[in-house]
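Take a look at the structure set out below.
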Amino acid sequence: MVSQMNIGRSKIDRILLSIFCITILLGPKLIHDNLWRVKTSDVRLGSYSEDNSTVVKIISDGEFRNQSAKKLSEAVQIKTDVYDKSPPMSTNNTYWEDKFRPFHEYLKSTFPIVWDDFEIEFINKWGLVLTWKGSQEELKPILLTAHQDVVPIQDASLDEWTYPPYSGYYDGEYLWGRGSADCKNLLIGLLESAEELLNNGFVPKRTIVYGFGFDEEIGGSRGAFFINDFLLKRYGENSFYAIIDEGGQGLTEENGVLLALPGTREKGSLDLLIELYGPGGHSSMPPDKTLIGIVAELIESLENDPFEGIFSPENPTFHEYQCIAIHSPTLNKNIKEAILRASKDKFANKEAIRFLSNKSSLSRYLITTSQAIDIITGGEKANALPEHVEFVINNRIAVESSVNYTINSTLQHIQSVASRFNLGIELDGIVIKNKTKNGYFHVHKKSYLEPAPITPSNDKTWSLLAGSIRHVYEDIAFADPSSAYHDRIVIVAPGIATGNTDTQHYWKLTDHIFRYRPGAGQTVETHAHGVNEKISMDSHLQLVAFYYEYLQLINENAHD
């Protein structure tokens with residue numbers, strides 16, 4: 001059991017120390033500016049800092065834990081999967097209603113105090129905006145987001161699940177099922193923290209807005225897109241104090257350093273559909289390479305020439321690994337020096353890139369544009385040469401790169417193959433090389449997004465977030481001497497989201513967009529999107545505790 005203690009002083013210390021890692025990297029002037037920007041006298045704490053019984057209950061109480069598991073389990077049991085080829089709402093609203101009406105009814109019945117006290121608005125039918133009105137209208141509101149939808153289950157994988165994917169099975173440690181980690185746990189956790197705040201009489205000074213889209217997994221064009229439009233019309237551009245959505249790494253250990261990594265940037269994305277058309281014919285008289293063979297050669301060419309890593313201060317990963325280099329007790333001395341000199345020494349930079357590229361797939365793709373061949377189709381009959389073959393490349397674009405650069409890189413490979421087989425090339429109807437009797441490639445940008453703008457990590461908004469993260473982990477979640485992380489320091493550093501979230505639609509609302517789901521463990525450990533998706537209940541309860549504390553902290557420091 002975590003002991004109750006006076007945590008007001010340590011909370012201020014966490015907030016002040018949370019800026020240390022970034023400021024030490026960026027020079028004496030910034031150290032001075034930021035240390036005095038967040039002076040102890042500037043950080044005001046309410047009565048909750050003297051009595052942490054509620055957060056202790058959230059983290060440690062068995063009854064609360066079981067009630068929380070029940071709420072999340074029942075949410076997982078409601079099937080809200082969406083597909084890339086989901087029908088338009090205008091022609092088949094029943095498809096959407098069958099998924100999301102039951103979920104809305106569940107939320108209303110499970111969180112009645114929230115539905116009674118908040119303004120509940122339905123955006124584009126199934127999007128949800130919940131508004132907790134603040135007492136000081138001059139303060140910018142905060143937007144907390146999650147999504148209601150989940151990725152589908154492949155029928156062929158059903159036998160591989162330890163527990164049925166929509167069972168919401170709780171084994172006492174983990175809660176299993178689709179959406180348990182991505183991201184019904186965040187949505188339910190936000191509402192649980194709001195429920196606890198309401199039950200304890202909390203009155204916000206700053207308006208708190210919750211935005212829950214319903215098609216994040218397929219781009220958010222029906223959900224977050226319309227929520228953004230709604231909020232822009234109501235509040236205007238740059239009208240929000242901050243946005244916090246899913247993403248980042250809640251808590252991870254790298255080279256002996258315990259890290260929390262709120263995402264302050266997001267990689268771009270590109271889905272390219274590449275089609276090859278040809279004359280076809282009878283399979284008894286095939287060419288040396290059928291269209292499928294030509295496409296296979298193109299794919300091999302692409303996969304044999306991956307994008308190179310880029311390690312620069314434009315990428316939050318640069319600052320993350322400089323933090324690691326400063327604090328790590330285990331990192332090789334030469335690697336430390338290479339990382340710390342990477343901004344001014346090209347040879348050190350190459351060595352840092354080599355280290356990150358070989359360390360793990362995660363570290364590699366934090367600094368590299370990825371490419372994945374995810375879909376391929378072609379041919380209709382065993383004795384007929386294919387007349388059409390297509391495949392889709394998904395790229396997640398490094399923050400220093402761009403959509404155009406990525407397209408041009410792929411086109412170089414297409415041009416090489418097209419020259420060898422005397423084929424034409426079109427890019428979205430623009431002729432690059434004329435069609436021939438052998439056929440032609442057609443390249444189509446299905447969807448694309450430039451890398452996100454960077455969120456500041458040297459101001460008070462960042463410091464309050466980072467300090468609150470440290471406080472919840474160090475002073476509450478890991479206060480028990482039996483905890484594996486007891487007495488460990490958590491370094492909070494800017495991170496990067498390798499995937500894309502609903503925040504891609506919210507760029508105009510604020511410069512402060514944080515992609516961070518609190519809770520110990522990395523996304524890869526939860527099997528999000530995969531077989532046996534699960535969430536540790538410890539992690540889930542840390543999320544609830546964080547929002548319970550953080551919303552009070554920004555309330556007591558509510559001046560823009």
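Numbering starts at 1 and runs along the chain as it is shown here.
The backbone N, Cα and C atoms fix where each Cβ goes, glycine too.
Summarising the environment of Asp149 (active site), the number of other Cβ atoms within 10 Å of its Cβ, over all protein chains shown, is 28. Taken from TrEMBL, the feature active site applies to Asp149.
Among the features that TrEMBL reports, active site, proton acceptor is placed at Glu216. Under a cutoff of 8 A between CB atoms, and with a sequence separation of 6+ in the same chain, the neighbours of Glu216 (active site, proton acceptor) are His147, Asp149, Gly223, Ala224, Thr501, Asp502.
Under the heading Zn(2+) 2 binding site, TrEMBL lists His147, Asp182, Asp245. Secondary structure at His147 (Zn(2+) 2 binding site), as computed by DSSP, is strand.
Annotation source TrEMBL lists Zn(2+) 1 binding site at Asp182, Glu217, His529. Counting every protein chain shown, 15 other Cβ atoms lie within 10 Å of the Cβ of His529 (Zn(2+) 1 binding site).
Sequence annotations record features per position, and here TrEMBL assigns domain 'Peptidase M20 dimerisation' to 266-416. If you take every residue in the domain 'Peptidase M20 dimerisation' (266-416) and average the pLDDT, you get 97.
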Integer Å value for the Cα distance linking Glu217 (Zn(2+) 1 binding site) with Asp245 (Zn(2+) 2 binding site) is 14
Rounding to whole Å, the Cα atoms of Asp245 (Zn(2+) 2 binding site) and His529 (Zn(2+) 1 binding site) are apart by 18
Note on Zn(2+) 2: the CB centroid of His147, Asp182, Asp245 has further same-chain residues inside 8 Å, namely Thr145, Ala146, Cys183, Leu186, Leu187, Glu216, Glu246, Gly247, Thr501, Asp502, Arg517
Across all protein chains shown, the one of the binding-site residues Asp182, Glu217, Asp245 with the most other Cβ atoms within 10 Å of its Cβ is Asp245
For His529 (Zn(2+) 1 binding site) and Asp182 (Zn(2+) 2 binding site), the CA-to-CA distance in whole Å is 8
The correct three-state DSSP answer for Glu217 (Zn(2+) 1 binding site) is helix
